């Protein structure tokens, strides 16, 4: 970190050592906050002091302006030259991540409007939309053979059925659009030689994940069509385990797309010189924060799958108790963590609070660490979005889960994960040098 102090040798060689020693700022300035960047020292005629000349400009820099220059400009250097077609590939990957983001939002709205079980068949290349009244009646008749109609929606009209059918149809077709948007450019870029060996492996993995995500989506829907709802209190719904898997696949796919896009469009900056041990520890903290955000979002899938947001609509206590009485109502006890709505909501609250605490601590610690320049901005963005996400969650709970707020809360989790990915990506090149 202190390699930048070698700049003092420039003054010694120009014979201005005595002048340099008169500036106490050179002795006390913190390298983690500011230093001379991209500057050459020059003697100013008829002057008792020194000025600094920017190597990229003709104008002279004053001492005051120079000391306001961030150290990160001096302690970072550009990445390696970009590969052929790097920008095009980067924008394609960014577009893929954006389409997955929209798919998550559509999936959340589909779940919140209870539209996911309206389509009772699945075809690889897509179902044909009914066009005539006879076709719509045939589709409606198929729907009436399954538990959701028999146990819950016996009074649904054709117009109401069309509405939920269109919602599920739009979600499925958007998923197929993702496959097309991904595969066609991938074939083109591969044929043009835009992918190196590592990127080819990623491309194949992305394709496999997209296919697995589609199959997992139907596997999830199928769980809500099975004849397994026999108790009076049973509500036809998809399995919360399969819902969490479906959402988890989407989050993993989105994260990989975004990380790869950042590799191409916003390469991580590299600190040069000796890196403090505290910076390495902060990198570990940033990755732990990202993992906590992911885990909290995944626990939200269980909340959605069990409609756990519709009970205990108070905060911070749950029915005037810190720990509700029915938190371990099921036996064996482990079932409560994934099948008891009370326990699932309690866990989500605890995870959300713990994650926010971790985010806040990470942000405060980032102010005291030497990091790549954009990492400071990323840490600030993570902290701001973390507090916003918790506020959205509490508001959604207190207002009995209205669709707009609930969809915003789910989208917010993905935005927060995106910012955490950005932060860890900025720290990508913070590595220990071999001794």
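Cβ atoms here come from the backbone N, Cα and C positions, even for glycine.
Unlike curated records, TrEMBL annotations are generated automatically.
Per TrEMBL, the listed range annotated as transmembrane segment is 173-191 (candidates: 154-172, 173-191, 268-286).
Record note: among 68-88, 89-109, 110-130, 131-151, 89-109 is the stretch given as transmembrane segment by TrEMBL. Of the listed segments 32-50, 203-221, 222-240, TrEMBL assigns transmembrane segment to 203-221.
Check TrEMBL against the ranges 5-26, 291-312 and you find transmembrane segment recorded for 291-312. When the ranges 378-401, 402-425 are checked against TrEMBL, the one recorded as transmembrane segment is 378-401.
The list of residues near the transmembrane segment (173-191) in space but at least 6 beyond its ends in sequence, with Cβ under 8 angstroms from a Cβ of it, reads 85, 88-89, 92, 95-96, 99-100, 102-103, 106, 125-126, 200, 203, 206-207, 210-211, 213-214, 217. Of the candidate ranges 89-109, 241-262, 378-401, 241-262 has the most C-beta pairs within less than 8 angstroms of the transmembrane segment (291-312).
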